[in-house]
Amino acid sequence: MTLNSLLQRLAPWALPVALLAAWQGAVVTGLLSTRILPAPSAVLEAGWNLLSSGEIWTHLAISGWRAGIGFAIGGGLGLLLGFITGLSKWGERLLDSSVQMIRNVPHLALIPLVILWFGIDESAKIFLVALGTLFPIYLNTYHGIRNVDPALVEMARSYGLSGFALFRQVILPGALPSILVGVRFALGFMWLTLIVAETISASSGIGYLAMNAREFLQTDVVVLAILLYAVLGKLADVAARGLERVWLRWHPAYQAKGGAA
């Protein structure tokens, strides 16, 4: 590994490490009160205590389950609706206007209504996550299909491709980059929605951990919960980028990225 490649790998960590060092220094020197923000060392100690007791794994598993189920439902429905409206003119006329109207209603504004519908059990949280992840995938699937090069479609038809074969070999690969961008956006909305859902009504999960710590003025645990959400969001984004590298190896833009790296 050359020095240049090593520096490129370390560069993304430079700013976070500098911020942590400044944060720790500000608390130690008294410039920043621990009542406002605890030192990183205190947050690390709180995390270690929760790891040792096993409590944090329970909350992580429950939050991950809620996020995964909600994403699967919302993402699957968004993909299906995107295929219908993207591939069919009649599908677009029947569905797109209604979907766009619902999309323009902030899904977090529906929380009071969702609680009336589902109560405060798991269904409410999963519904909100599904609603938050549906629209990014729907929009990017729809636009991805509509932006496939018409010349490629016509060429494929001239070679005898039609129906599902045309969709599988030409339309879906052409729309896939846009769909995966939608997946990345949806993963961000997934955690954002879950944070709000868990802090409003939950008896477990990372959001509950933060709200319970707030009641006992455990600022270090509150900050730990926020950092956990940030780490989970980053891991989800890394997973999405991994899917891009695997599924878009054939794409010229991603081949150029690989060559540049």
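Including glycine, each Cβ sits where the backbone N, Cα and C put it.
Per TrEMBL, the features are as follows:
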{"type": "DOMAIN", "residues": "56-240", "note": "domain 'ABC transmembrane type-1'"}
{"type": "TRANSMEM", "residues": "62-84", "note": "transmembrane segment"}
{"type": "TRANSMEM", "residues": "104-120", "note": "transmembrane segment"}
{"type": "TRANSMEM", "residues": "126-145", "note": "transmembrane segment"}
{"type": "TRANSMEM", "residues": "165-183", "note": "transmembrane segment"}
{"type": "TRANSMEM", "residues": "189-209", "note": "transmembrane segment"}
{"type": "TRANSMEM", "residues": "221-240", "note": "transmembrane segment"}
*Please work out which recorded stretch in 126-145, 189-209, 221-240 has the most C-beta pairs separated by under 8 angstroms from the transmembrane segment (62-84)?*
126-145
*asked:* Using a cut-off of under 8 Å between C-beta atoms, tell me which stretch among 104-120, 126-145, 189-209 contacts the transmembrane segment (165-183) the most.
replied: 126-145
*Interface present between the transmembrane segment (221-240) and the transmembrane segment (104-120) (three or more C-beta pairs under 8 A)*: no
*Within-chain partners of the transmembrane segment (126-145) [C-beta distance under 8 Å, separation at least 6 from its ends]*: 66-67, 69-71, 73-75, 77-79, 81-83, 85-87, 96, 99, 103, 107-108, 110-111, 114, 117-118, 171, 174-179, 181-183, 185-187, 189-190, 192-194, 196-197
